[in-house]
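Chemist: The following feature annotations were taken from TrEMBL:
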BINDING   A:Ala27, A:Gly28, A:Ala29, A:Gly30, A:Ser31, A:Gly32, A:Lys33, A:Thr34  ATP binding site
DOMAIN    A:6-287  domain 'UvrD-like helicase ATP-binding'
DOMAIN    A:288-595  domain 'UvrD-like helicase C-terminal'
REGION    A:677-720  region 'Disordered'
Amino acid sequence: MSDLLANLNAEQLAAVTLPDEPALILAGAGSGKTRVLTTRIAWLIQNGRVSPAGLLAVTFTNKAAKEMMTRLTSMLPINTRGMWIGTFHGLCNRMLRAHYRDAGLPQTFAILDSQDQLSALKRLLKSLNVDDEKYPAKNLQYFINNAKEQGLRPADVEANDDFNRRFVDLYAAYDVQCQREGVVDFAELLLRCYELLRYNDAIRQHYQHRFRHVLVDEFQDTNVLQYQWLKLLAGFGTQNPAAVFAVGDDDQSIYAFRGANVGNMRDFEHEFRVRHMIKLEQNYRSHGHILDSANHLIAHNARRLGKNLRTDAGHGEPVRVFQAGSDGQEASWLVEEIRDLIAQGMSRSEIAILYRSNAQSRVIEHALFSSGIAYRVYGGLRFFERAEVKHALAYLQLLENPRNDAAFGRVVNFPTRGIGARSLEALQDAARQYDCSLAEAVAYVPGKAGSSLGAFVRLIEQMRAETRRMTLPETVEYVTNTSGLITHYRGEKEGQDRIENLQELVTAAQAFVMEEGFGLDALASAIPVGRDGAQAVPALADGDQAQQVLDPEALPVVMTPLVAFLTHASLEAGDNQAQAGQDAVQMMTVHAAKGLEFNAVFITGLEEGLFPHENSAMEADGLEEERRLMYVAITRARERLYLSFAQSRVLHGQMRYHVRSRFFEELPETSLKWLQPPAQAYGGSPRRQQNESGWGRDWFKKPEDVPYSGTKPTGGMDTGNGYADAKRQAGSGLRIGQNVFHNKFGEGVITALEGEGADARANIKFKRHGAKWLALAVAKLDPID
DNA sequence: GGTAGACGTACATAT
DNA sequence: TACGTCTACC
């Protein structure tokens, strides 16, 4: 029985077993935060303090939510699927689906991701003939999201000048457009759900009665609206509020740019009269020098709740610091250090390379690639964000809701059907005139344009009819074929990859229906009845929501497999690379690294202007946020930490010269090991002298070993080197049977070789992309073992 | 009406 | 580098 509590330290134990009252847990990096949160849930359930249906736990990322469910399943024999554990967006979506009518939404509302939102805004600005020089869609997007994150509708936003008034008007027009099209953006999910709870007494009271415990992860990253939502849900100010258990770390607040408000922690403490505040300061992750560095650094921030991490682990290795002449040298040094680590037996996936912005990854990728070190880059274009996948999803969205103008506009002429800009303009005019959706406006367009448009609408209708009795994977496959997408890409020279992604989408649909418990034979567009033993659907069909919400065990599972899949695609953009699971060095931004840990961590590009980023200087609290970001980066490391900066680097196609980051002056000198004399920084002065540990490798003596001398006018990593690489490869003896690594296709094996010199070609069978002929003069191949 | 190529411009972090 | 817009030409 007490198994759950075994191996918790005193602080953790106290947190897990707190009474049913508001609590704030200040959990330092690596202090077992997730463990405390999940053990708390398990303990509450095991001791009968709450039923699985009576608690709600919310996180920010899908990854964290999944992790929580996995751990919970391993602690208790319960099915977590029906539980209210998820992200803010996921949980709000779920509530909105269950109460779509009260929320004023169509049952099958679609979710816009940031990209979709931006194009919706561009469309709006165009239709209103707004000068996009003066009112750029991006600024408008920022304005709207910012307002929504504060819980403000257009009428609530104060506009003190004409310029701002225009923004407010556009915000209002955007909301009207979304409503007409039946789409909802990320911020709207939260705001709409908040309003649902706020203005509908029956629903609010239902959830307030139902959730006796509300647990919040990463509380420091909540925005104003999320906090308000939590207060409503937890019945703040009512007779019988839920116990809110908030876990967070003010030192790790790094999302101010998307509305995170660290002040929520203080507000929570005061408003909820928190009597239980527990600090988890015992760090189980990092060696001493690493932790000292983190503590020293973060002490430079003024506004903190105050916390100091301690560890029982020894000092470990000092933090290695490298000053490179250029970004290319920095990358070469990384490669050498990583080789050493691998030689010492560290697995690649335990090594992470972190950087401030995604653009920095390329030079590093190139160096790793040339050295044949497998790597994986997080971020960038993810699976569900790819153009061809989005096209297929747009067709699927039209099956659910033909009024979705975003989806309609995306594919009405893709593949091309003779519906050009002229026809579309006529269609948009008609839609405006009759105040209807594009699909409905088709009837008003005369002539040839009208008939081509009509044919498209009939195509969609036909697809809807034909897929009525299909399962989700069948529907996806049918749509990719019948839409003409596959045929279209077959005719394109780079089309094969896109076709494979479309096939992958079918596979993803198969996996999805299995994982989500729909099963392989569930119809795509039918609401499953009795799933998870839930009986939520019939009540909804009656239109009697009160009945449904009064049943505390009812799980509002009202999504059809297709709607659920589309939702999944919007809320979880998926992974970006095929080689998951492969033992590869991990590359990502510091933001993306939050919540993760690695044996060895490289923090690169530690230069003024980059990290701290130059744009941060413009924001209030900007520098402190950068420092917290650096704190997050440092505390990712368990055993080894490496810091590097380059005096020159190619950025946006231009050579830039940087001074090393001020953060170096904020780290404890005794924990650092400079790998060579800290030379005169550009425009700055050296603070440090050589320390006792001596110099590292002398990189400056062997410029010929450095793939990037930084002398090229542009980044140009693909130019020039290709042919030289090919010669080197030819010389290095590629042979049949040889395993190779390709940047794009991943691992493969050579099955044939042909031609010589510039004509040399190899047939390679790739694990994930099938067989391909690649010209050695062009393809970048590296032998692997 | 479709399409390929040239040109200009911008670009931090992300559910 | 990557994407939107413009232009020439089919």
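Cβ from N, Cα, C; glycine included.
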Chemist: Please identify, from the binding-site residues A:Ser31, A:Thr34, the residue with the sparsest Cβ neighbourhood, meaning fewest other Cβ atoms within 10 angstroms.
Modeler: A:Thr34
Chemist: Within 10 Å of each Cβ, count the other Cβ atoms and name the one among the binding-site residues A:Gly28, A:Gly32 with the highest count.
Modeler: A:Gly28
Chemist: Fewest neighbouring Cβ atoms within 10 Å: which of the binding-site residues A:Ala27, A:Ala29?
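Modeler: Taking A:Ala27, A:Ala29 as the binding-site residues, the minimal 10 Å Cβ count falls on A:Ala29.
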Chemist: Within the domain 'UvrD-like helicase C-terminal' (A:288-595) only, compute the mean pLDDT.
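Modeler: Computed over the domain 'UvrD-like helicase C-terminal' (A:288-595), the mean pLDDT is 85 on the 0 to 100 scale.
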Chemist: When DSSP is mapped onto helix/strand/coil, what comes out for A:Ser31 (ATP binding site)?
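Modeler: SS state of A:Ser31 (ATP binding site) = coil.
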Chemist: For the recorded ATP site formed by A:Ala27, A:Gly28, A:Ala29, A:Gly30, A:Ser31, A:Gly32, A:Lys33, A:Thr34, name the remaining residues of the chain with Cβ within 8 Å of the site's Cβ center, in chain order.
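Modeler: These residues sit around the ATP site: A:Val36, A:Asp249, A:Leu280, A:Asn283, A:Tyr284, A:Arg285.
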Chemist: Non-local Cβ contacts of A:Gly30 (ATP binding site) (under 8 Å, 6 or more apart, same chain)?
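Modeler: The list for A:Gly30 (ATP binding site) reads A:Asn283, A:Tyr284, A:Arg285, A:Ser286, A:Leu309, A:Glu597, A:Thr635, given in order along the sequence.
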